[in-house]
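One structure is given here, and the rest of the page talks about it.
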Amino acid sequence: MSDPFAHLLTSLKNKDSASASKETTPQSSNSPSITGSAVADVARTDKSPNDSLHSISAPPLIPSPKVDFSAPPLVPTNSTTKSNTANNTPPSALANTDDDFNQLFGMGTVTTTDTIQKPDEDYYGSKEDHLYNGDDALVDEVKDMEIARLMSLGLSIEEATEFYENDVTYERYLEILKSKQKERNDLAIRKKESGIKMEKSGLSNIVGTDSNNLFSMATDFFNKGKKLVDQWTSFPPEANDRLNNYSKTHDKVEDYDLPQVNDSPNRILFEDNEVVENLPPADNPDQDLLTDFETKIDITKRTAPDVSHSSSPTSGILIEENSRRNEPLIEDSLLDFSEGNLTNSKSNEDSTLFNENSNTDSTIPISDIELSGYNEFKAKGTSLFKNGDYINSLQEYEKSLNTLPLNHPLRIIALSNIIASQLKIGEYSKSIENSSMALELFPSSKAKWKNKISNSDPERSFNDIWPKIMIRRAESFEHLESFKKALETYQELIKKNFFDDKIMQGKRRCQDFINPPPVKKSMPVKKKTTTTSPATKKQNLTASSSNSPISVDSTSEIKKRELENAKLALYDKVFEKISSWKDGKDDDIRHLLANLSSLLTWCNWKDVSMQDLVMPKRVKITYMKAVAKTHPDKIPESLSLENKMIAENIFSTLSIAWDKFKLQNDIN
C-alpha cells in the first residue's frame, strides 16, 4: 500500500517549480474544467454541517478516510471520464494540476470567506466591535449607579457628576460628612467647656480678631435681644426704658475690641448682659456642668455679688453699683447697661403698675382700633340698656370687654356695665364672678384711686367705679339669699366712707333677715261713744298732728305692715297657682317654660312647646324672654298685688332652675 501523504509531500516540494512552470507554460483548454471540478469535489468532501458562516479563516484541508489516495489526487471518483483522463496524465501534468489546485484552493478559500463573512459583519459587526461596545456599556452603568448613590446624599446631578469625575465615591463622601459632623460636635463641646471655665473664673468679655469670634458676638447680641423682647412682652411697663438703654449700650460695645484671654482655647464671647458670681473653681467638672445655670442671675430675687471693675472701655457694662450690693435684685434679666442708670439704682423698682409713691397712672398701651371698638360697643350697649333691652345690651358690653387688652383699667368700666345688665336678667352668680374680676384690677394703693382711668369717656376715677361695683355685688348676694355676705359687702362700703341711702337701706334689710326684730303686739283701740261735730274733729286732728309729731319711718312701717298683711291674705292662692305650675319639677326648666302661659296672663306671652326647647340655645333664649317679663323692675305699677306676687315667684324659680341647667350643659 502506498503512502497516502506522498502526493502531498511531492506537491509541497515541487511548489516553487510548479509556480515557475505555470508562468512560462500556457495551460491547456481543459485545465480549467479539471480545476473547477477538483475545487467542487474538495468543497463537497471537506465541508461539514458544523462549519459556521461567521468563521474568519477556512479550516485546514484534512483528507477524508473515504477517499482513495491510490488514485490521482483531487480527481472525483464518480466520474469515469475524468478518472481515465487522470490515469493517463503524466506525472508532470499531475504536479502541474496539483499546483494549480493549491493555488486555486487558496484563492477560493479567501474568496469564500470574504463572500460569506461580509454580510454577517455588516449586520452584526465584528468580534472586536462587540467586545469594545460591551465594555463601554458596562462602564456607563457603573457610572450611573455611582452618581445615583451620590445624589441620594442630597447632591445635585451636577455636583454628583463632578465628584465622580474627581474620584470621590459614595463611601468616601460619606466619610467626609461624618468627619465634618464630628468636628462640629467637638467644637461645640470645647466652646461649652471653655464658656463654663470663663464663668467660674469671673473673666471679662472677650472678642477675638478672627471671623468666628465676630460671628459669635453677633449671635450673642441677637440672643440677648430676643430675651429682652420676650421679657418686654411679659413686663411692658418696666421694659420701655430698659430697651432704650440696652440699644445705647449695644452701640457702645460695638465700638470697642475686647481683650483676649489666654486660657480660653476657642476665645468665645462672654455674655454682655449678665452678672456672674466669682465662685471658686470646682474640682469636679460634672459639678460645673450641673451648676452652670445656677451661676447666672435670673428673675428670682437674690443678693448681688461684688463685681470687679475692669480696666477695659466696656467695664461699665458689668459694673454693679455699690448701693445695691446688699439689696435683692428684682428682675435682673432686664438689667440696664447705660451709665446713667448706674447712678439711679432704684428707678426700676418704681415702675410697677400701681406705685404708691407715684402720682401718674402707668397704663397699659392700647391701640386706636381697640379703643374705638370699645367705645362703639359700649355706646350700643348703653342705648339698648336705656330702652330696656338688657339681653342685647349685655352682648354689646361683652364685646366691648373683649376688645380691650388684658389688665387694662378700662376693663373695670366694661365689667361694671356687664354686672348691671346681668342684674336685670337675673344672672346673679355670674355678676358676682365679674365683680370679683373687676375688683382684682383696682390699684393696690389707695392713693392711686384718685387718679382718672385713662381713655375713659366721660372721665372717671377708681373711687367713682368701686362703690357701684360693690353695691351691685351686695344686691346679687341678696337675690341669692346670701344675706350674710351681702351684709359684709355693705359694711365694707361703710368702712370706706360711703354712706349712700341705698347702702344703708341694704344694710338694714340684711340685718332684718339675719336677726329679725320681735313683732310688737298692738293694743286694741276702744271706740268712743261720744259724738263730735266735724269742726271739732278737724280741730282735734290738727291739734294732734301738731302736738304728736309722727316720723316718716313710722308711716313707712305702717305701709309695709299693711302690704305684708295683704300678701299674707293672698299667699295661699298664689302658692296654689305656683305649685300647680311647678308640678314637682322645680329643676326642670323646660317644663317650667313650656307651662308658663297659664300664669303670665297680663302680658303677651307666646306658648312654647317642648319640641321648641330641645336645643340648649333655644332654652336660653326663651328663659331670657321670661325673665324680662317677670323682673321686678319690668313689672308695671298698675299690676295687681296677686300678679306681682306671681311674677316674683316665677322670677326666682326660673333663676334657680337656670343656674342648675347651665351647670348640667356646661353653658357660660
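Counting begins at 1 with the first residue displayed.
Cβ atoms here come from the backbone N, Cα and C positions, even for glycine.
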Site from Ser312, Ser548 that Swiss-Prot describes as phosphoserine, others unannotated there: Ser312
Listed as phosphoserine by Swiss-Prot, one of Ser52, Ser362, Ser431: Ser52
From Ser308, Ser323, Ser454, the one Swiss-Prot labels phosphoserine: Ser308
Selected residue, Swiss-Prot feature phosphoserine, from candidates Ser48, Ser64: Ser64
Candidate annotated as phosphoserine in Swiss-Prot, where the set is Ser31, Ser264: Ser264
Secondary structure content, the repeat 'TPR 2' (412-445) (per DSSP, counts of residues): 27 helix, 0 strand, 7 coil
Contact set, same chain, for the repeat 'TPR 3' (467-500): CB under 8 Å, 6 or more residues outside the stretch: 412, 415-416, 419-420, 423, 426, 428-429, 431-432, 435, 438-439, 506-507, 509-511, 513-514, 655
